[in-house]
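Undergrad: Got a structure for you, questions after.
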Amino acid sequence: MEILMAFVIGILFMSATYLMLSKSLLRIIVGTGLLSHGAHMLILTMGGLKKGAAPLLGENAPSYTDPIPQALILTAIVISFGVTAFFLVLAYRAYQELGTDNMDRMRGTEGND
Amino acid sequence: MSLLHLAIISPFLLAILVPIAYKLFRQIHTGWFVFPLPILLFSYFISYLSITSNQQSVTKSFAWIPTLGIDFTAKVDGLGLLFALLITGIGALVVLYSIYYLDKNKEKLNTFYVYLLLFMGAMLGVVLSDNLIVLYTFWEFTSFSSFLLIGYWYHREKSRYGAQKSMIITVFGGLSMLGGIILLYMMTGTFSISEIIAQSDEIFSHVLFVPALLCILLGAFTKSAQFPFHIWLPDAMEAPTPVSAYLHSATMVKAGIYLVARMSPVFAEHSLWLWLIAGFGITTLFWGSFSAVKQTDLKAILAFSTVSQLGMIMSLLGIGAAALHFETVDDSYFTVATTAAVFHLINHATFKGSLFMVAGIVDHETGTRDIRKLGGLMNFMPITFTLAIIGTFSMAGLPPFNGFLSKEMFFTGMVRVLEMDIFNLDTWGFLFPVLAWVASVFTFIYSMILVFKTFTGKFQPEQLEKKPHEAPIGMLISPIILASLVIIIGFFPNIISNTLISPAQAAIMPVEGYVYDTHIYFWHGFTPELFMTLGVITLGILLFVTLPKWRSVYNLFPEKLALNRFYDSMLEVSQRASFNLTRLYMNGFIRTYLVYIFSFFIVALAATLVLKDAFKFDTSDVATIHYAEVLLALVIAAASVSILFVKSRMTSIILLGAVGYTVSLFFVIFRAPDLALTQLVIETISVSLFLLAFYHLPKLRHEERIRFKMTNALISVGVGAIVTMIALSAHSNKMFPSIAQYYVENTYKEAAGKNMVNVILVDFRGFDTMFEITVLGIAALGIFAMIKLRLEGGKKNENK
Amino acid sequence: MNEIANIVIIVLIILGAFLSLVAAYGVIRLPDIYTRNHAASKSATLGVMSILLGALLFFYVKDGFFNSRVLLGIIFIFMTSPVAGHLIARAAYNSGVELWDKSVQDDLKDAPHMKKAGSKEQ
Amino acid sequence: MINFLILPILIPLVTGVLLIFAAKRIMLQRWIAGISSVIAIIFSALLVQKVRARGIQTLDVSSWEAPFGITLVSDMMSALLVLTTSIIAFLCLIYSFWSIGEAREKFYYYAAFNFLIVGVNGAFTTGDIFNLFVFFEVMLMASYVLLVLGGKKAQLRESIKYILVNVISSALFVIAVAYLYSVVGTLNMAHISVRISEASQGTPPGIITVIAVLFLIVFGLKGAIFPLYFWMPGSYYAPPAPVLALFGALLTKVGVYSITRTYTLFFYHDTGFTHQLLSFLAIMSIIAGVIGAIAYWDIKKIIIYNIIIAVGAILFGVSAMTTDSLTGSIFYLIHDMIIKAALFLLAGIVIAIAGTSNLHKISGLIKRYPGLGWTFFISALALAGIPPLSGFVGKLLIVKGGFEAEHYWGAGIVLMSSLLVLFSIMKVFINGFWGTPRAYKGEDKVPVGKMLIAPVILVIIAVFYGVGSEYVYPYISQAAETLANPEIYIEAVLKEY
Amino acid sequence: MKTNDIILQTATKVVLFLIVLFSIHIFFAGHYTPGGGFVGGLLTSGAIVLLLLAFDMKTVSKILPVNYIHMIAVGLLFSIGTGAGALLFNVPFLTHAFGHVDLPVLGDTSLHTATLFDLGVFLVVVGVTMTIIQTIGEDE
Amino acid sequence: MLNTVVLSAILIISAATIGLIYRVIKGPTTPDRVVALDAIGINLVAIVALISIALNTSAFVEVILLIGILAFIGTVAFSKYLEKGVIIENERDR
């Protein structure tokens, strides 16, 4: 299962990267969404999958899955939610001010003096 | 902190008071507040003569950063004292001169004297520190005070140019010297010069010896304007003339000489030292004097002349180093070069200082320094003319001035090279006297140009800005004093031989138990040197008279090859090239930056994986796969990949949602109920936010073209592959049990909960959670502020 | 007792799965939004209800009491599903989505307040 | 008081929260923020003293013993950085009073400001790798807010890029932690170090090295090393001066700190590979930074590129891994925080006066603003590491350490970079402050005197930091000692090991 | 466009009750079964969003006159305060305490400071979500 | 027996879900997508219920209700958006 998941995560990262390299701001943000999904899945996978019951002591199981990765993912999910929300609103505002969602037209001033 | 330290620091202290004095007493020329200090210091240092003339030294230490071996150790020995006297003595004269030279109503005297005092203190620090780091500190101080003084009239383009140039070159040298100092520290474990000298035998064989030598020499050469670093000095002439007289002829440029002299006992063992110093010195001598002839600006002539004279002193020090290789120094047969170096150092300060002041007077009284416009000033300013004659004749090496004596000794030193049989001097050594002689001819010529083109010939009043007249007496005092020194030393050289020269020589070439006893003779008999001098004079007069005829020789040296051009274009090209280069990769497109970042990610990690043979694939510890899970995996993969190809925004958002929900299903499968719950809710909110945020975007006029880009595809596949590969090998490399068991045991017992994940979140790792919600809170604040606060009017989206 | 319960659960689950499949088939194959909505909100809801009933029964057998949250879920879905279906249909109509060209009747065609439906999104 | 080391995190946190309530009352906000800042400085200073007197301070948050809960660790390095951060925060804060504008102040500027400090101090203090991530996020989120606050076009545009890059680096951070967790099964940094040492008797397994490189990439993105710095010049160009000063002085330094921490605490087993790579990247950063710094005629850009150079120099010292070079790196790190803040604040004043940061359009400022000019001059010298100012000792030790580690070329480049740093920064002085004075529109409205307070204090600190190195040295060397000997750290955290 | 939303509004009133009930349950049960302050908060804001959907901003702010940004701050203060309480007893920050109390009606109830902490999380989450939704909503 | 049934039911419903995803992608109108999404939500409820049975745990029952709630809110929001162009009104009846 872990091996399958590794490939799934790889695909998620691949799609995310491809999207983040595109021009449209929306696609970029979608890319970051995929990226965080991939990262979260990776934590879970790295903690080891299906090693026991859900980490609820009420289950009275002989063994439980590692709760740490789950707690980490939870924190990470919340944080990436905050970031995504912020990013989305930023995109919205940027569109209002700059009138475009094309990254090519949001060129910075680094090049020209 | 001793009186000696106080003496070194006193200029800095006074520098703090100068602006205050300037504010309070506007009517009095600020120079008068400064003037007493160098006098006082001069007389203070005179009191050390009794000690150093016995070739003893005084060391006073003051802890600064002892843990790093950096102590402010002040050491007065012959060499240091000689320089200290020069600095304070000439300093006093220059301050006096400046009082008349700079108008108290027109100039910003406060800054001027602050810089000047900073310089004076720094210079004293350089010559009196025994600790290399302290020396370096003061060294950089001199560079910067010089920078500030050259840029004193900062509204002038040329001043700024000259200031920048001098700073770049001297700081370059300074840094390289610092490198050398650190290398020396690594060999000896100390920054103290005396201790390094004491270990000179050990370090000679050290592998870092040569690099250290080169680094230190680079510092000395740049500071003392040795070829090819001399180019900053002529441009430094943009400084007010008193500054030129002080910094750029008498003192600061001699810091390099000082350094070479000071470090001679450490490095002189090595042939490289001799060859580099003597070679660069003689080249500089030649090139400087040769270039001086073609100059038309009085101060430019003097600048090149300074360059050449510095080269001369440098070459003498180089040759003098050879003396260390001979068994006996008794007969001072070979040490004459060093004696000459020290002697000429003093002489140069006197005559060049006075000449600069003369040039300043001419400039001040006529408004120009261009010798093509000047001429016939003899009648208007007789005293100045006399002073100029004394200075230039001494410079040209004519009797009975001091310059003649040192020039003779210089020839002696150079001729004796022929008798040396070390370091291949027997094969190439003949070049030294030859070049020396040729350079002397040019020296003679430019000296003549300097005095005769200015003071004799046709008077051209129409070319001058002012009606020339003799300078005020105050302005003449300083050059008169210097000129009289030129004569006095010329006639009675031995008043300084055993008080100043021998002690200095002892510091340069310390030989245990040997007491230098220098005597300078006016008449040596009919030696080769005398004939050389005679030749110089004869040929010099001849060439001076026929100057217009052969001047075109200088056209053979195209401007393009000039070092200045090289410097300018290097500066220009480096800026332009870096600008173009930067613009090439900093193109403002975030995509480009991401390409760099991801490429590095791929390359670095792939290389590490391969080089470290880190990829490991181990299926012994994997969970079972169920077909439903495969199905889910396929869904997630299909959804994420198809986002790449969909055209409508809505669809890609929905697909992202699909991925998110599938992830939460995975969380269900992998026994993570809390995660599943959270992921579900978060995903829903995210999707609705996506819709909200992109609702405002206009309908795409033409559907977004998703052009397939090979680079993008390659990079994304690479990233995916790397992530997968590391995941596989990280999973196959589980080396330790997780710390999870602790939570299983303690969740109920110690934290009174049953949901481990939740208990971890609020208790075990509650700290994380606290800041996680802080992040959320900040995000909300930011979103609120972003929407409400619009400093640029915030026009609404017109497509709405 | 257990056997009977098991059989009931199995039946419920099979029924639910079948209904879900039917609903999906409907959503895919039916010609326009209104018919698809019909398929989705009726059969899918029924399908999930039966599966949830199965689950409820399962947990009853396992734990000995009715799981309150499953019950709550059943009630919730029971209540919201029709509302949701209604809202979608109305929204679709009001946003001007065309009926299937073979539809025979459109009662709201002439209703005045429905007419100026914005041609908002596609 | 066992909770002492949490106070530098807690004080700004509480302040930030309280400031949310006071959003509309600007004077009240300023007072609260100012006073709490001073208190934070006092406590950080006391913390430094405490670490000096009693060694590393640790706090097991929530009372869970070390590898299981989150442990906060104040070793000397982190305590010093926290102190520096608090001081810089205070000065940027008072600078903001006169420069940031009421509109921003009403929209939670000070709250976000304090949260940024929470993040930075937290990142310096935490002893848990995942908690480090959380603090990074606090810091980043606050920085996003500060960057975008005001909603000007350039701000919005650059924020997008900044956030995008940081989202990527956060994701990479998460996966790096995940990989590391998979291999060693723990999150506490000391415990990780112990387990990595156990796993790598002699040579470490390849996977550890891979993870080390991944961490380098993650932190390198934050710390703006070559070739990951490209996002920085543009993003740092957009925000107003005090924010820029905070970013320039603190944010990249957190990345540098994290590299230093991980590379001295975890990944010191395969220095032949990882530290060689680090040293190569450090040198390349210096070169790239120098190229950028001399390319532009723009005050902000010049200083921004100088950040990259400094990062390179510091990391070069870290990569050499000798006691001297580590000491030098810490010396230089703190120096750079101080002086970059000063320079950005000064640049802010110049821009406020001239209305532009283009050097072609500025000249002769020193005539009307001598105080500004000389402050700038001294900080320029300090930046270039001219003795006896603050940059010197650090640079000296880094170069010395480099030579000792036989990285002659690298050390030489570090040394010579000073020249080009000087050249680039003096370009500002020569062209902006020297030259023919001009009149600028609206320059009379700029409260130059008040705005100068903060940079002048910073420059004074820089001077004392350099001249008084003797007094600072014991602290720094204690910090370097901990870095050079991870056992000290581990022992302090895990006690029984 | 004027529409009547009788069906939606009526359904909302009932469903809202269910959701709030569920979210409170999930909040308190978090220590033992899946859930907790975070999900609870999100659900509560979901309920409020439903209100917003069925009614309008003005009506909702009349029913719930809350400044959501202040709610975030209060929530943060709760969480920090729970942690900082430990400072008074000179135990490490965020050390939780719990005990069993015999309450007259509810019987044996365990009181846990972690619940207070979680309440902070709950408030922050509600505040954040609602701030975001409200600001964007107002901007449209 | 039960297990086999549950697993095959999961498979069947997954297949149904994939079909619905096809509808989501295909459209052609947004209401179509919303209908399909609503149905997916319902199916997810079913899947989670089945997984709970399969894993023999009641840990996920919260998820069931949650999905229901979210699907409902989502559908309401979508339909309001489609109908009125705004999701949240500032003030109704104006």
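Placed from the backbone N, Cα and C atoms, the Cβ positions cover glycine too.
In case it helps, TrEMBL gives these features for our protein:
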DOMAIN    B:65-113  domain 'NADH-Ubiquinone oxidoreductase (complex I) chain 5 N-terminal'
DOMAIN    B:129-417  domain 'NADH:quinone oxidoreductase/Mrp antiporter transmembrane'
DOMAIN    B:635-699  domain 'MrpA C-terminal/MbhD'
DOMAIN    B:710-788  domain 'MrpA C-terminal/MbhE'
TRANSMEM  B:6-25  transmembrane segment
TRANSMEM  B:79-100  transmembrane segment
TRANSMEM  B:112-128  transmembrane segment
TRANSMEM  B:166-188  transmembrane segment
TRANSMEM  B:203-222  transmembrane segment
TRANSMEM  B:273-293  transmembrane segment
TRANSMEM  B:332-362  transmembrane segment
TRANSMEM  B:473-492  transmembrane segment
TRANSMEM  B:530-547  transmembrane segment
TRANSMEM  B:593-611  transmembrane segment
TRANSMEM  B:676-698  transmembrane segment
TRANSMEM  B:773-791  transmembrane segment
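Tell me what's around each of these sites.
TA: In the domain 'NADH-Ubiquinone oxidoreductase (complex I) chain 5 N-terminal' (B:65-113), helix, strand and coil residues by DSSP number 32 helix, 6 strand, 11 coil.
Taken through DSSP, the domain 'MrpA C-terminal/MbhD' (B:635-699) splits into 55 helix, 0 strand, 10 coil.
Across the domain 'MrpA C-terminal/MbhE' (B:710-788), DSSP helix (H, G, I), strand (E, B) and coil residues number 65 helix, 1 strand, 13 coil.
Counting residues 6+ beyond its ends, the transmembrane segment (B:79-100) has Cβ neighbours under 8 Å at 29, 31-32, 34-35, 38-39, 41-42, 45-46, 48-49, 52, 57, 112-113, 116, 120, 123-124, 127-128, 240, 242-243, 245-246, 250-251, 254, 258, 261-262, 342, 345-346, 349, 353, 357, 360, 471-472, 474-475, 477-479, 481-482, 500-501, 503-504, 507-508 in the same chain.
Within its own chain, the transmembrane segment (B:166-188) has Cβ neighbours under 8 Å at 69, 132-133, 136, 139-140, 143-144, 146-147, 150, 195-196, 199, 202-203, 206, 208-209, 211-216, 218-223, 229, 231-233, 235-236, 256, 259, 266, 571, counting only residues six or more beyond its boundaries.
Beyond the ends of the transmembrane segment (B:203-222), by six or more residues, the same chain brings 139, 169-170, 172-174, 176-181, 183-184, 186-188, 196, 229, 232, 255-257, 259-260, 263, 266-267, 269-270, 272-273, 276-277, 280 to within a C-beta distance below 8 angstroms of the stretch.
Beyond the ends of the transmembrane segment (B:332-362), by six or more residues, the same chain brings 82, 86, 90, 93-94, 97, 101, 241-242, 244-246, 249-251, 254, 257, 261, 298-299, 302, 305-306, 309, 312-313, 316-317, 319-320, 322-323, 326, 369, 374, 377, 381, 384, 387-388, 390-392, 394-395, 401-403, 405-407, 409-410, 412-414, 416, 420, 450, 454, 471, 475-476, 478-479, 482-483, 485-486, 489, 493, 496-497, 500-501, 504-505, 508-509, 516, 518, 520 to within a C-beta distance below 8 angstroms of the stretch.
If you look at the transmembrane segment (B:473-492), the same-chain residues 6 or more away from its ends with a CB under 8 A from one of its CBs are 90, 93-94, 96-97, 99-101, 346-347, 350-351, 353-354, 357-358, 360-361, 364, 383-384, 386-387, 390-391, 394, 399-405.
Sequence-remote contacts of a segment are chain residues at least 6 beyond its ends whose Cβ falls under 8 Å from one of its Cβ atoms, and for the transmembrane segment (B:530-547) they are 293, 396-398, 404, 407-408, 411, 415, 433, 437, 440-441, 443-445, 448-449, 452, 524.
Panel annotation: around the transmembrane segment (B:593-611), residues 585, 711, 715-716, 718-719, 722, 725-726, 729 of the same chain, lying at least six beyond its termini, place a Cβ under 8 Å from a Cβ of the stretch.
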Undergrad: Can you tell me which parts of the same chain pack against the transmembrane segment (B:6-25), counting only residues 6+ beyond its ends and a CB-CB cutoff under 8 A?
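TA: Counting only partners 6 or more residues beyond its ends, the transmembrane segment (B:6-25) has Cβ contacts under 8 Å with 33-34, 37, 41, 44-45, 74, 109-110, 113-114, 117-118, 120-121, 124-125, 128.
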Undergrad: Go through the chain and flag residues at least 6 beyond the ends of the transmembrane segment (B:676-698) whose CB is under 8 A from any CB in it; none is fine as an answer.
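TA: Sequence-remote neighbours of the transmembrane segment (B:676-698) are 649-650, 653-654, 656-657, 660-661, 663-665, 667-668, 797, 799-800.
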Undergrad: State the mean pLDDT for the domain 'MrpA C-terminal/MbhE' (B:710-788).
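TA: Over the domain 'MrpA C-terminal/MbhE' (B:710-788), the predicted model scores a mean pLDDT of 88.
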